[in-house]
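Shown next, in structure tokens, is the structure this report addresses.
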Amino acid sequence: MNMVVRKRRRANKQLGERTHGHGDTKNWRGSGNRGGVGRAGSHKHKFSKYWMTFGNKVRMHSFHIKGKSLNVGQVSQQIEKWMKQGKVTQEDDMIVIDGAKVGLSTLLGSGDVKGEWYVKNVRVTEKARSKIEEANGEIADEYETAGGETKVRDPSAGAGDAE
């Protein structure tokens, strides 16, 4: 026969505890306990937190879209899944990998290339480039930036050429 487990409420557990789990007697209060909200006191009692930026305008940093980097070997493993999802297509003997559709920004060189690839809209490292070309693959010279504009890749620039 199973016994019923009677759980005690939190308030009941705190009986006899002077501060009910809130530290010192003066701590279960509003924002006055923290010295104000936001930048309150930045020129007075909280100045030590702001002295490094005092007199300077502090702005938010600009927004950058951070893409995903994958190794050639990881891409080889994902190709079948991407084909079922319609993100990667097969044209003649080439597997067309569009970085914009797959969500890939950089292709790194670790692993093996399986099949012939046509890679576009992706930054490619030198090691990855040589492996793709050894497998009779191609890399597009044009790519689209995050803003939608088309640029021509400089083959001598390497992986950082998409900036």
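The backbone N, Cα and C atoms fix where each Cβ goes, glycine too.
Positions annotated as region 'Disordered' by TrEMBL: 1-42, 139-163. According to TrEMBL, the compositional bias 'Basic residues' annotation covers 1-12. The compositional bias 'Basic and acidic residues' annotation in TrEMBL covers 15-27. Annotated domain 'Large ribosomal subunit protein uL15/eL18' per TrEMBL: 78-139, in sequence order.
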Please list, for the compositional bias 'Basic and acidic residues' (15-27), how many residues fall into helix, strand and coil according to DSSP.
0 helix, 0 strand, 13 coil
Long-range neighbours of the compositional bias 'Basic residues' (1-12), counting only residues six or more past its ends (CB under 8 A):
20
What average pLDDT is reported by the model for the domain 'Large ribosomal subunit protein uL15/eL18' (78-139)?
92
So, by DSSP, how many helix, strand and coil residues make up the domain 'Large ribosomal subunit protein uL15/eL18' (78-139)?
21 helix, 23 strand, 18 coil
